[in-house]
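Engineer: This is the structure I want to talk about, given as structure tokens.
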Ligand SMILES: Nc1ncnc2c1ncn2[C@@H]1O[C@H](COP(=O)(O)OS(=O)(=O)O)[C@@H](OP(=O)(O)O)[C@H]1O
């Protein structure tokens with residue numbers, strides 16, 4: 001009927017309009033399909049994009065988002081690191097460093113300074129620097145490089161001062177510091193518990209005889225005029241009377257110090273690293289440290305190599321950095337020569353303390 005009412009020219013215009021509408025609809029349909037495919041990305045890829053935008057943007061509103069970004073970056077890096085095979089630790093090459101660097105810079109920009117939730121409390125000359133340097137390559141760990149000595153020498157400065165020293169961290173990252181003298185400081189456990197009873201404590205222990213010699217070697221390098229090791233270690237050498245008041249000897253009576261810590265902390269809050277195994281099997285020891293801190297095992301064999309010149313394990317040099325990855329010269333010094341007999345006497349002295357220590361900790365460190 002309508003067709004009959006239209007003139008021939010009107011009819012052809014209507015046909016043209018109809019064809020145009022159909023072709024436009026088809027174009028739109030095709031475009032929609034293509035558009036959908038490119039915008040319906042995986043959730044992770046989408047969130048990754050959001051992170052990039054947020055990182056570039058400024059303002060306080062972004063603080064919350066930054067945490068999401070960082071944890072996503074860690075996740076995706078881990079996945080890439082394992083080449084898509086879950087369960088494998090971070091890959092070799094610079095991936096873990098990239099992740100760490102990215103997380104560090106995000107944390108520096110958007111993170112907050114927080115009181116530490118984990119501390120390496122000792123022992124002096126046990127291998128504390130090695131543990132700190134090894135654990136801080138983990139993307140979820142932010143560590144203070146220097147020893148703040150807050151719970152022994154600087155307690156009067158207050159918690160705000162202490163917090164101010166800490167590196168910025170994102171939610172979910174662990175803040176860590178190390179001060180080896182805490183382990184033998186009487187007030188330290190009470191003070192740390194009053195900061196937080198949930199603080200995780202790491203103690204790196206080493207054969208107390210070797211530790212004492214290492215301690216003495218360090219002092220001697222700074223003060224060459226001190227008496228001999230033998231003179232300091234004994235009240236009466238021929239009677240085999242050890243001077244337990246000498247700091248180098250006293251520090252190694254681990255059980256005495258540990259009893260003080262156990263008045264304030266549960267045994268499950270303390271983790272003991274073997275200073276000896278840290279040298280022979282750094283990845284194994286660091287695996288247990290990561291478990292203790294509730295971290296994914298990212299630091300593995302792939303991160304270490306044995307440096308023959310240094311005589312110690314070092315971190316593999318990341319591609320993106322020229323930084324040396326062995327510890328400094330003050331770590332791994334040649335010890336002063338001590339007579340065999342003196343070493344035997346000290347071994348005898350420490351034996352009962354060691355046995356009690358093994359029983360309490362539930363680990364045999366095999367120092368005898
Ligand atoms: N990878 C690696 N590289 C170098 N050194 C290592 C390493 N792992 C453990 N160690 C041992 O760490 C000892 C120093 O311990 P600390 O870092 O706790 O010393 S300090 O208390 O902070 O001065 C240091 O003691 P000395 O050998 O007596 O110098 C080392 O034996």
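Cβ coordinates are placed from backbone N, Cα and C, and glycine is handled just like the others.
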Engineer: May I ask you to find which of 142, 206, 347 TrEMBL records for the 3'-phosphoadenylyl sulfate site already listed with 125, 126, 127, 128, 129, 214, 331, 332, 333, 334, 335?
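Structural biologist: Among 142, 206, 347, only 206 appears alongside 125, 126, 127, 128, 129, 214, 331, 332, 333, 334, 335 as 3'-phosphoadenylyl sulfate-binding in TrEMBL.
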Engineer: Out of 125, 314, 326, give those recorded positions positioned within 10 angstroms of residue 214 (3'-phosphoadenylyl sulfate binding site), comparing C-alpha atoms, in sequence order.
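Structural biologist: So the list reads 125.
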Engineer: How big is the Cα-to-Cα gap, in Å, between residue 314 (disulfide bond) and residue 334 (3'-phosphoadenylyl sulfate binding site)?
Structural biologist: 18
Engineer: Within 10 angstroms of the C-beta of residue 125 (active site, for sulfotransferase activity), what count of other C-beta atoms is obtained when all protein chains are considered?
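Structural biologist: Result for residue 125 (active site, for sulfotransferase activity): 25 other Cβ atoms within 10 Å.
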Engineer: Quick one: among the binding-site residues 214, 334, which has the most Cβ atoms sitting within 10 Å of its own Cβ?
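Structural biologist: The residue with the most neighbouring Cβ atoms within 10 Å is 214.
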